[in-house]
Amino acid sequence: MGFGGFNGDFNFRGASDHRPLGSDGFLPSLDTNPFLKNHKSVEALDLCKKLHKMGISCDMSIWTKPEEQFRVDPSEFGARTLHGSSGFDQNLTGASQIHDGFRNFSSVRLQNNNFHGVSPSPGEMRLLGRQDSFNLNGFEEMLALKNHRDFLLDQIHEPIKRPPFLRGNDALISSLMFEGNNRVSQTLAAMEASRGFYPEEDSSLLSPFHEKVSGKLGASYLEDTVLIGQGSYGKMSPKSNNDLVSMVEIYGSVNLMAKDQIGCRVLQKLVEEGTFHEAKVILLAIIDHVVELSMDPFGNYIVQKLFDVSDEEQRTLIVSVLTSNPRELIRICLNTYGTRVVQKMIETVKTKQQIALVKSGLKPGFLALVKDLNGNHVIQSCLQTLGPNDNEFVLEAATKYCAEIAIHRHGCCVLQCCISNSVGLQRERLVAEISRNSLHLSQDPFGNYVVQYLIDQQVSAVKLLVQFRMHYAELATQKFSSHVIEKCLRKYPESRAEIVRELLCVPNFEYLLQDPYANYVIQTALSVTKGPVRAKLVAKVYRYGKLHSSPYCKKIFSKTILKK
């Protein structure tokens, strides 16, 4: 407790009015020493009470306004540790052995110090000595501080050794150890330290990998993994096993490890360079989190690596988990990182069972996928990797939603991929549907690319030209469709006479010559036509020679084109 003052003291009137005193004239305890938090003090009068009884007044300035900031000398006091039992608790048992020596030390030290500029009198020194012998709390506290400091000096360079259950928890809350410029070296150092202190516990850390694996396939994996953990496989690399176990100790689980940049790289290396059974262990550890990892910035790489190195049985397990919920699969496909995993899955599936699972998972979300920045690559991967029969579900949907897909930014790319990867009856149906909508598509910012791609594929001109007939002049004056008409002039020789004849019949032909887009159609017609058809076109152009200075007619009236 702090000293407040008593009636008759010369400085009692100067005390602050805002400091409430107890009934006995003393302040509540101001002692915040952490070492006395759980320490019960015996009921006795403290030094201030004794001084008051002797008629000695204390200067209250030491409580109201310290002259300078109080500092603790590190050489005299230690810091209490918070990890388990400290040296403070362990060394209290030796207090009785140096009790007398420390009491003498405290008294001698007080003799050499001034108390606010006044040296203690012999009577006061005797009182202080009695205080030390009567109240053991102050002595035990100082003794504990001294012993604790000595303990810290002895243990400061010793490595921290914790039981396994604490080590796992510390790893989860100490993720900051991987932040900074030297994360790789810290990780490797931790791996070596763990391997050196706890080599006998490697197999016990593999037990979390065995949970939630159902069916005959899961049972066989479980059996193999238990044998791996017990060291029954001669092919199991001890070094690789230690690496995996050490890293799991740091991160807490393989799932958390896969979400870290460094941890994911270590897992990929273990999967790629380790044994077949090590890949099984890692697969079992993440199989319940494969959907989550597929959409993780780092976790997606380990899932892709497992698709590359797994056997057909393991690959079937991963595919079945990813495709079990079509809604979740579509969500993965639309994700920036998940689309890579699904594309890798499509590229590696081989068996009929695996392909059937992929098709059943993707089919419900076809339209959403083709219109998405990430999802459209999944459909294109199917078209480029799977066979014609397996792509039937894609081509059927593309034919059905042809007009809707073709006018979409990403859908037009998918539709072009469908054209190039279709054969036979499927191709004929798709081409017929695109041709039927070609007049509308050729005027669209994205649909015109589909029509142009169809023309480049040497599709029969009859179906397209039927749609364009009587619309050539109109299409020639539009930004997007003018490219389609130019493509027809270049790729379909049989269409040239019909296109030129329709252009020449326009009442206001001079408007075509001055049009920002139609003038390019006229230039292309002059370049590709021959004979009577070209002669009629040149004669028509010469009638409007006065337009040769027009910015859009300069190229048309150039000697190179007209005299070609």
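Backbone N, Cα and C atoms are what each Cβ position is placed from, and that goes for glycine too.
The domain 'PUM-HD' feature in Swiss-Prot is assigned to 222-564; the stated evidence is sequence analysis.
Annotation source Swiss-Prot lists repeat 'Pumilio 1' at 249-284. Confidence for the repeat 'Pumilio 1' (249-284), expressed as mean pLDDT, is 85.
Under the heading repeat 'Pumilio 2', Swiss-Prot lists 285-320. For the repeat 'Pumilio 2' (285-320), the number of residues in each DSSP class (helix H, G, I; strand E, B; coil) is 30 helix, 0 strand, 6 coil.
Per Swiss-Prot, repeat 'Pumilio 3' is recorded for 321-359. Away from its own ends, the repeat 'Pumilio 3' (321-359) comes close to residues 287, 290-291, 294-297, 299-300, 303-304, 307-308, 312, 315, 365, 368-369, 372, 374-375, 377-378, 381-382, 385-386, 390, 393 of its chain (Cβ-Cβ under 8 Å, at least six residues beyond either end).
Counting only same-chain residues 6+ beyond the ends of the repeat 'Pumilio 4' (361-396), those with a CB under 8 A from a CB of the stretch are 322-323, 326-327, 329-330, 333-336, 338-339, 342-343, 346-347, 355, 404-405, 408, 410-411, 413-414, 417-418, 421-424, 426, 429-430. The repeat 'Pumilio 4' annotation in Swiss-Prot covers 361-396.
Under the heading repeat 'Pumilio 5', Swiss-Prot lists 397-432. Sequence-distant contacts of the repeat 'Pumilio 5' (397-432) (same chain, at least 6 residues past either end, Cβ-Cβ under 8 Å): 363, 366-367, 370-373, 376, 379-380, 383-384, 388, 391, 440-441, 444-447, 449-450, 453-454, 457, 459, 463.
Per Swiss-Prot, the feature repeat 'Pumilio 6' maps to 433-469. Same-chain residues lying 6+ beyond the ends of the repeat 'Pumilio 6' (433-469) with a Cβ under 8 Å from its Cβ atoms: 399, 402-403, 406-409, 411-412, 415-416, 419-420, 475, 478, 480-481, 483-485, 487-488, 491-492, 494-495, 498, 502.
Using a Cβ-Cβ cut-off under 8 Å and counting only residues 6 or more beyond its ends in the same chain, the repeat 'Pumilio 7' (470-501) has close neighbours at 439, 442-445, 447-448, 451-452, 455-456, 458, 461, 464, 512, 515, 517-518, 520-521, 524-525, 528-529, 533, 536-537. Per Swiss-Prot, the feature repeat 'Pumilio 7' maps to 470-501.
Residues or ranges marked as repeat 'Pumilio 8' by Swiss-Prot: 502-539. Using DSSP to sort the residues of the repeat 'Pumilio 8' (502-539) gives these counts of helix, strand and coil: 29 helix, 0 strand, 9 coil.
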Q: May I ask for the residues of the chain that lie six or more residues beyond the repeat 'Pumilio 8' (502-539) and have a Cβ under 8 Å from a Cβ within it?
A: 469-470, 472-473, 476-479, 482, 485-486, 489-490, 493, 496, 547, 550, 552-553, 555-556, 561-562, 564
